[in-house]
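Participant: Sending over a structure as structure tokens; questions will come in a sec.
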Amino acid sequence: MFVKATGLADPLVASCLPLNVATVKPGHEIITQGDDGDNFYVIDSGKYDIYVNTDSKNRKLVGNYNDEGFFGELALMYNMPRAATIVAATDGVVWGLDRQTFRRIVLKTAFNKRKKYEKLIEGCDMLKSLDMYERMNVCDALSSQTFKDKERIIAQGDKADCMYFVEEGEVRVAMLNKADPKATSEQEISRVGPGGFFGELALVTRKPRAASVYAIGPTKCAVLDVYAFERLMGPCMDIMKRNIDNYESQLTAIFGDKTNISDLR
Ligand code: 1OR
Ligand code: 1OR
């Protein structure tokens, strides 16, 4: 992720940076929504609550950090007011990195990554449905992988640990009809091109891969691992489930029954 990518979590790297270590007590408001951004913070220890204002007097708890992670990057990256309030929920220690150093050292890596995946997100209806903060977290979690023509990306029946978004090229989804004991060869069931995704089904159903997927020509995909999927793709679940309902009707049309998909549920 962001901190990993920048190496900031590495104590050796951290010791070379002008980091200010701060100890905090429960209730300490480290960042106040609406303020100008001064520091970026990396959590060393402790729990921190995230609040977002609902109106001028009230705020809502929207999440928390537990002993790891970072916050305060948005205002510094995008020159905008703080988007949330961060309050220490326990005793804790955070490292602060001042605005100038943050922009000089960290911004280059993280911003380039976010820029790199901006096009992918714009071209993908599902990811486009995320808000800016959610999209940026997805960008931080993605990594690209390239495949040669005919290379198998996913094998039917395997355990799943990630999903894929097609950046360049195309893939072929093929399936062995398990309902037919005589079936020996795979049948192509769909193709997915740029802006499309695959490999989400097993992560949603927590079952083995339902089909195999092969590259058609040189293909580049952005990969999201299962941990990031569970952390970040919640808001896309409705779209993904609608997509899975589509599989169901196609399945009936191609194989004549829904045995495969009902096996999956
Ligand atoms: P910042 O510089 O704007 C507040 O200062 C920090 O809170 C922000 O950077 C992020 O690092 C962090 N929306 C916006 N900022 C968030 C959120 C968030 N969560 C943490 N931060 N959302 C919460 C999602 C659980 C979306 C709320 C609608
Ligand atoms: P997965 O994690 O199961 C294989 O790994 C991927 O192939 C799967 O996620 C889906 O992204 C994709 N129609 C279209 N795409 C499918 C289908 C499908 N099954 C898997 N994938 N089906 C309808 C067939 C006419 C089959 C549904 C079981």
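The chain as shown is numbered from 1 upward.
Any Cβ shown, glycine's included, is placed from N, Cα and C.
Small disclaimer: the values here were computed from a predicted structure and weren't measured.
According to TrEMBL, the feature 3',5'-cyclic AMP 1 binding site maps to GLU73, ARG82. According to TrEMBL, the 3',5'-cyclic AMP 2 binding site annotation covers GLU200, ARG209. Per TrEMBL, domain 'Cyclic nucleotide-binding' is recorded for 19-123, 126-250.
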Participant: Just checking: which of the binding-site residues GLU73, ARG82, ARG209 have a C-beta under 6 Å from ligand 2?
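Facilitator: Near ligand 2, sequence order: ARG209.
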Participant: Count the other Cβ atoms sitting within 10 Å of the Cβ of ARG82 (3',5'-cyclic AMP 1 binding site), across every protein chain shown.
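Facilitator: Around ARG82 (3',5'-cyclic AMP 1 binding site), other Cβ atoms within 10 Å: 19.
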Participant: How big is the gap, in Å, between the Cα of ARG82 (3',5'-cyclic AMP 1 binding site) and that of GLU200 (3',5'-cyclic AMP 2 binding site), rounded to a whole number?
Facilitator: 33
Participant: Measuring Cβ to any atom of ligand 1 with a strict under-6 Å cutoff, which of the binding-site residues GLU73, GLU200, ARG209 qualify?
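Facilitator: Near ligand 1, sequence order: GLU73.
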Participant: Comparing the binding-site residues GLU73, ARG209, which residue's C-beta has the most other C-beta atoms within 10 angstroms in this structure?
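Facilitator: When each Cβ's neighbours within 10 Å are tallied, GLU73 tops the list.
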Participant: Only counting partners 6 or more residues apart, tell me which same-chain residues put their Cβ under 8 Å from the Cβ of GLU200 (3',5'-cyclic AMP 2 binding site).
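Facilitator: Correct list: MET163, PHE229, MET233, MET240, ASN243.
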Participant: Note the mean pLDDT of the domain 'Cyclic nucleotide-binding' (126-250), expressed as a whole number.
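Facilitator: Across the domain 'Cyclic nucleotide-binding' (126-250), the average pLDDT comes out at 92.
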Participant: Measuring Cα to Cα, how many angstrom lie between ARG209 (3',5'-cyclic AMP 2 binding site) and GLU73 (3',5'-cyclic AMP 1 binding site)?
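Facilitator: About 37 Å separate the Cα atoms of these two residues.
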Participant: What does the DSSP secondary structure composition of the domain 'Cyclic nucleotide-binding' (19-123) look like, as residue counts for helix, strand and coil?
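Facilitator: The domain 'Cyclic nucleotide-binding' (19-123) comes out at 30 helix, 44 strand, 31 coil.
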Participant: Run through the domain 'Cyclic nucleotide-binding' (126-250) and tell me, per DSSP, how many residues are helix, strand and coil.
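Facilitator: The counts are 42 helix, 44 strand, 39 coil.
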